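TrEMBL annotations:
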{"type": "REGION", "residues": "1-39", "note": "region 'Disordered'"}
{"type": "REPEAT", "residues": "288-322", "note": "repeat 'WD'"}
{"type": "REPEAT", "residues": "332-373", "note": "repeat 'WD'"}
{"type": "REPEAT", "residues": "418-450", "note": "repeat 'WD'"}
Amino acid sequence: MDLLQTYADKSDGEDQSHQPSTSSPDSSPPRLIPSKSAAPKVDDTMLALTVAKAHQSHSKPIDPSQHVVAFNPTYDQLWAPIYGPAHPYAKDGIAQGMRNHKLGFVEDAAIESFVFDEQYNTFHKYGYAADPSGNNYIGDLDALQENDAISVYNIPQHEQKKRKIEKMKDVEMEDEVVGGEHEVDPTEIDNPASDVWLMKNKKSPWAGKREGVQTELTEEQKKYAEEYAKKKEEKGHSGEKGEHLVDKTTFHGKEERDYQGRSWIAPPKDAKATNDHCYIPKRLIHTWSGHTKGVSAIRFFPKYGHLILSAGMDTKVKIWDVFNSGKCMRTYMGHSKAVRDISFCNDGSKFLTAGYDKNIKYWDTETGQVISTFSTGKIPYVVKLNPDEDKQNILLAGMSDKKIVQWDINTGQTTQEYDQHLGAVNTITFVDNNRRFVTSSDDKSLRVWEFGIPVVIKYISEPHMHSMPAISLHPNTNWLAAQSLDNQILIYSTRERFQLNKKKRFAGHIVAGYACQVNFSPDGRFVMSGDGEGKCWFWDWKSCKVFRTLKCHEGVCIGCEWHPLEQSKVATCGWDGLIKYCH
């Protein structure tokens with residue numbers, strides 16, 4: 001009955017317009033049954049993401065760097081310009097060789113750079129240019145017809161003629177201004193800001209700039225001009241002076257200072273002579289090889305002899321270790337030609353080199369730096385420092401132009417010239433407590449000089465004398481041993497008369513033509529010399545007899561030095577590029 005009542009109420013409600021139906025309070029409420037689905041529940045989150053990603057990839061441009069496209073792109077995607085964040089200096093578009101970029105689509109065109117510049121400039125000047133893709137023109141066609149399609153580089157004949165006429169008018173105007181045919185205000189001629197002054201002083205297309213009047217040079221400008229003129233003058237006379245070369249040095253040892261901070265040139269503390277008696281060496285114990293050409297001179301480190309300095313014909317000076325490793329410690333490169341002579345200062349911290357490049361260089365032994373360079377424009381054959389401790393800044397050099405030149409190393413100035421010889425000076429030897437020095441020359445004479453006074457105090461020259469290219473002082477300083485080129489060693493006294501000692505004469509070796517060094521043992525008991533056949537000869541000082549000969553070199557044995565401390569060790573050098581050490 002209740003259901004029937006409900007249906008009746010429903011039908012009544014349809015008849016009434018928008019009247020809410022009312023049920024009796026006794027009727028029960030309607031029961032709503034929920035809908036049910038038989039399909040299983042599925043998580044569609046991933047599906048939604050995939051669809052969104054596919055939609056996004058179909059809408060954005062294709063990345064030109066990718067090699068595979070996983071879908072069919074549209075035309076808009078293929079030819080879309082490249083966008084997106086990029087480094088401000090990163091190449092894009094045309095620079096990367098891509099055809100689609102921010103500015104649009106790029107077409108390749110085979111066009112020369114000159115043609116492109118011509119059309120580019122023509123377009124900017126006249127407003128038209130040739131179309132590279134065809135035979136037509138683009139731009140202002142009226143200007144094209146008016147100018148007969150000329151470009152900026154194709155000037156017609158009438159234009160050239162016009163320019164010539166204008167140029168001739170300028171020249172005529174200039175002549176008129178100079179000639180004074182027109183009345184010109186004198187102030188305008190002197191005024192650089194006026195056109196009259198410009199026309200008068202016009203020399204080139206760039207000469208007409210309006211500049212202020214040139215005032216007098218400032219002090220700084222004058223100083224610079226003087227320095228420039230001085231440098232130019234020196235450059236002009238560079239042929240007379242020594243050849244310039246950049247000074248270099250190379251250290252070959254492990255470290256320049258040891259763990260105690262001592263320099264590599266510092267002598268060993270325990271270095272001292274074991275006894276005063278010297279012995280003749282018997283065998284070879286070491287060979288130093290490093291020069292690519294002959295060795296012209298060797299010198300032991302003063303007093304200690306723990307290093308030996310060598311001058312090479314390969315333009316290099318090398319210093320070698322004697323006591324420890326026996327290796328080359330440093331190479332000094334500053335000469336452009338062969339090095340002729342070397343000489344240590346008293347403490348060995350510095351040394352002199354003389355080269356055939358006409359330069360004398362004063363080196364720091366430890367660092368390899370060139371302290372000073374001296375040159376007279378002539379070849380120095382011998383260099384010596386004054387042995388006095390207070391005169392270690394005085395340098396003497398025997399030159400190829402017959403002079404002995406004296407320099408002050410501190411100032412670099414020439415302080416004296418000893419000019420009496422008639423040939424190139426070969427040797428300089430200090431005697432008489434360094435108050436005098438003896439020089440020998442190619443003029444076959446010996447001359448004795450008072451130091452600092454350019455007057456010969458003793459001149460020794462005999463008809464039978466030969467040139468003496470090597471001289472050495474005996475350890476007792478009373479005698480000089482002179483290597484004479486007639487294959488003998490002559491002995492001269494260093495006393496007042498400088499007499500030849502006829503009782504002492506050392507011979508047997510062949511030295512004719514070679515300036516082989518002669519030397520003494522530290523105790524003065526032996527005389528030694530190299531010869532032209534590579535031998536080192538030893539004579540007894542008292543008896544003048546040959547004591548021993550050693551075959552040391554292939555070729556000339558040019559130099560020999562006795563070790564200052566180790567009494568039986570001798571170093572020799574030769575033109576085979578080797579330095580031999582014998583014991």
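Glycine is treated like the rest: Cβ placed from N, Cα and C.
Note that the coordinates shown come from a computational prediction; the quantities given were computed from them, not determined experimentally.
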Chain residues outside the repeat 'WD' (288-322) and at least six past its termini with a C-beta under 8 angstroms from it: 253, 265, 267-268, 271, 328-348, 351, 353, 355, 357, 363, 365, 517, 555-556, 558-559, 561, 563-566, 571-581
Contacting positions for the repeat 'WD' (418-450) when only residues 6+ beyond its ends and CB under 8 Å are counted: 381-382, 384, 386-388, 391, 396, 398-406, 456-461, 465-473, 477, 480, 482, 492, 494, 498, 515
Structural state census, the repeat 'WD' (418-450) (DSSP three-state): 0 helix, 19 strand, 14 coil
Averaged pLDDT, computed only over the residues in the repeat 'WD' (332-373): 94
